[in-house]
Amino acid sequence: QVTGYLDDCTCDVETIDAFNNYKLFPRLNELLQSDYFRYYKVIFSCKNCISFSAAPHRWHSLCFVFQDEVPDGIRAGSYKYSEEANSLAEECEEAKRLGAVDDSLSKETRQAVLQWAQHDDSSDSFCEADDIHSPDAEYVDLLLNPERYTGYKGPDAWKIWNSIYEENCFKPQNVKRPLASGRGESFICLTKWVSRVCVEKRAFYRLISGLHASINIHLSARYLLQDSWSEKKWGPNVTEFQQRFDEVLTNGEGPRRLKNLYFLYLIELRALSKVLPFFERPGFQLYTGNESQDAEMKHLLLEILHLAKSFPLHFDENSFFAGNKKEAAKLKEEFRLHFKNISKIMDCVGCFKCRLWGKLQVR
């Protein structure tokens with residue numbers, strides 16, 4: 001029952017819902033199933049994780065699925081993997097490796113994706129990017145590894161979120177952040193403190209809270225409802241969702257967490273609208289080697305970006321980093337370092353599938 005206007009914005013929840021559900025999401029969902037966006041290269045080894053447990057739990061280990069042949073054509077809406085690959089994937093799930101990553105890519109596909117990567121000429125210094133040329137880097141198929149419940153919880157998961165909030169959210173040292181009762185994954189928002197800080201620091205906290213909400217929503221929406229030798233059933237777990245977001249069960253904090261997700265959505269939507277000219281260049285292409293599919297996907301991407309630009313109530317970023325230029329530059333650098341640190345912390349997540357999606361969402 002999250003409704004009404006968002007803090008520091010001129011937009012309301014209802015406007016975002018209508019725009020996303022009926023306009024943007026159907027097109028975006030189609031784009032994300034394309035070859036160019038479904039394959040993602042990532043390094044799973046831990047880096048600088050001294051304060052974290054580097055050893056994954058047994059049900060979080062990688063599940064490699066080897067096959068000699070890739071799907072015939074891999075076209076939009078048609079992903080037919082070999083019988084051998086499908087049976088191996090089922091064995092992985094039956095072994096209760098819920099956090100495993102299915103690595104079903106042939107040599108041909110790996111080589112093709114490497115060629116696509118050579119066409120990407122942008123870099124993001126706000127996160128710790130993986131070296132895609134490293135021998136430790138792995139390509140994964142995101143459609144085979146959906147973001148969902150993996151069983152990753154308890155002290156290890158708590159450590160990750162505690163580090164993200166405590167080390168990066170501009171919190172004064174004398175402010176202690178209490179935990180939500182009975183659940184190590186969720187933090188109570190320091191509403192009074194957040195409302196007193198500057199708009200930039202407030203926005204930073206809300207972005208991280210929105211990221212946290214997104215991850216919790218995914219695991220609640222795709223929860224392991226039935227786990228037996230004959231069948232595994234995934235679906236929405238209302239109880240799990242309520243424990244994280246219900247107004248009564250969270251002492252009023254749940255709706256704020258959800259509104260922070262809407263805030264994150266607005267920030268990303270504004271970024272997409274601003275980046276449109278870069279992708280409109282005639283020379284830009286989503287290169288996979290399939291000329292007709294590449295042209296089709298670029299057309300769809302531009303359609304999505306133009307749609308993002310048409311949104312009537314964009315977030316106004318002009319108030320960010322305004323005023324004294326020296327202080328603004330210092331604050332912006334702090335933002336960059338905080339985001340980069342969070343991306344490093346995501347390298348320490350003890351569940352490989354959680355690490356995959358955590359790294360992807362932060363980027």
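Just so it is clear, glycine is given a Cβ too, placed from its N, Cα and C backbone atoms.
Unlike curated entries, TrEMBL annotations are predicted automatically.
Because the structure is a prediction, the values reported are computed rather than measured.
Features as listed in TrEMBL:
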type: BINDING; residues: Arg148, Thr150, Trp161, Ser209, His212, Arg244; note: FAD binding site
type: ACT_SITE; residues: Cys351; note: active site, nucleophile
type: DISULFID; residues: Cys351-Cys354; note: disulfide bond
type: ACT_SITE; residues: Cys354; note: active site
Which whole number of Å gives the largest C-alpha distance between any two of Arg148, Thr150, Trp161, Ser209, His212, Arg244, the residues noted as binding FAD? 21
For the C-alpha pair, I'd like the distance in angstrom between Ser209 (FAD binding site) and the residue listed as 'active site, nucleophile', rounded off. 21
Cys354 (disulfide bond) and Arg148 (FAD binding site), distance between Cα atoms, whole Å: 8
Including all protein chains displayed, how many Cβ atoms other than that of Trp161 (FAD binding site) lie within 10 Å of its Cβ? 18
I'm trying to understand the geometry here, so how far is the Cα atom of Cys354 (disulfide bond) from the Cα atom of Arg244 (FAD binding site), in Å to the nearest whole number? 18
I need the least crowded one of these binding-site residues (Arg148, His212, Arg244), counting other C-beta atoms within 10 angstroms of each C-beta. Arg148
List nothing but the one residue from Thr150, Ser209 whose Cβ has the fewest other Cβ atoms within 10 Å; the candidates are the binding-site residues. Thr150
Tell me the Cβ neighbour count for Cys354 (disulfide bond), meaning other Cβ atoms within 10 Å of its Cβ, over all protein chains shown. 24
